[in-house]
Amino acid sequence: MGRRPARCYRYCKNKPYPKSRFCRGVPDAKIRIFDLGRKKAKVDEFPLCGHMVSDEYEQLSSEALEAARICANKYMVKSCGKDGFHIRVRLHPFHVIRINKMLSCAGADRLQTGMRGAFGKPQGTVARVHIGQVIMSIRTKLQNKEHVIEALRRAKFKFPGRQKIHISKKWGFTKFNADEFEDMVAEKRLIPDGCGVKYTPNRGPLDKWRALHS
């Protein structure tokens with residue numbers, strides 16, 4: 001018996017049901033890699049960031065997330081080179097879906113009990129996504145804006161429902177606006193730290209502030 005189509009599990013009807021000591025024997029999620037491309041690129045190398053944003057409250061299967069990841073990665077490698085971008089899948093499939101297997105052979109009515117004891121066995125995992133939640137993000141150089149939009153557009157076809165493509169006003173994967181970012185780094189209010197930044201607040205010991213600005 002094959003996998004049941006994901007359209008059967010598209011809507012968020014039940015409460016979140018994660019893997020636990022009570023919910024055992026869950027098959028591994030299809031998606032294993034959530035970051036692709038040049039993920040160790042410094043924060044100042046990739047200022048542009050594009051998001052794919054969900055427009056529906058639904059469930060996305062781990063198979064769909066994997067298919068979208070492969071699709072976006074393949075296009076970005078072809079158009080920007082394998083070191084010209086960083087893709088991050090922002091959803092993790094933690095919700096376990098169940099199946100109550102039914103026999104379809106002759107004489108099945110003697111072997112099975114129909115809807116008696118119908119709590120199913122774990123079949124796979126899905127990610128629950130809300131309206132306005134980011135599904136996937138890509139950061140790259142400013143000249144690759146059109147390629148980011150096209151990669152996310154192609155990845156959209158792997159998902160049910162509606163999604164929007166949004167070019168962020170923030171710098172890369174940080175939460176700081178792109179037009180203020182370089183000034184804040186120059187003033188040492190932001191310290192680059194891998195693909196993110198550390199924010200140094202105005203509070204704290206004066207000696208620490210003097211040491212930073214000396």
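Residue numbering: from 1, along the chain as shown.
Using the three backbone atoms N, Cα and C, a Cβ is placed for every residue, glycine included.
The feature SUMO2 cross-link is assigned by Swiss-Prot to LYS175. Here Swiss-Prot flags LYS188 as ubiquitin cross-link. For ARG32, the entry in Swiss-Prot reads citrulline, with the evidence type similarity to another entry.
Overlay of Swiss-Prot feature records on the structure.
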residue : record               : DSSP (3 states)
ARG32   : citrulline           : coil
LYS175  : SUMO2 cross-link     : coil
LYS188  : ubiquitin cross-link : coil
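A sphere of 10 angstroms centred on the C-beta of ARG32 (citrulline) encloses 9 other C-beta atoms.
Each residue contributes its Cα atom, and for LYS188 (ubiquitin cross-link) and LYS175 (SUMO2 cross-link) those atoms are 16 Å apart. Sequence-distant contacts (6 or more apart, same chain, Cβ under 8 Å) of LYS175 (SUMO2 cross-link) do not exist in this structure. Note on LYS188 (ubiquitin cross-link): other Cβ atoms within 10 Å of its Cβ, all shown chains, come to 11.
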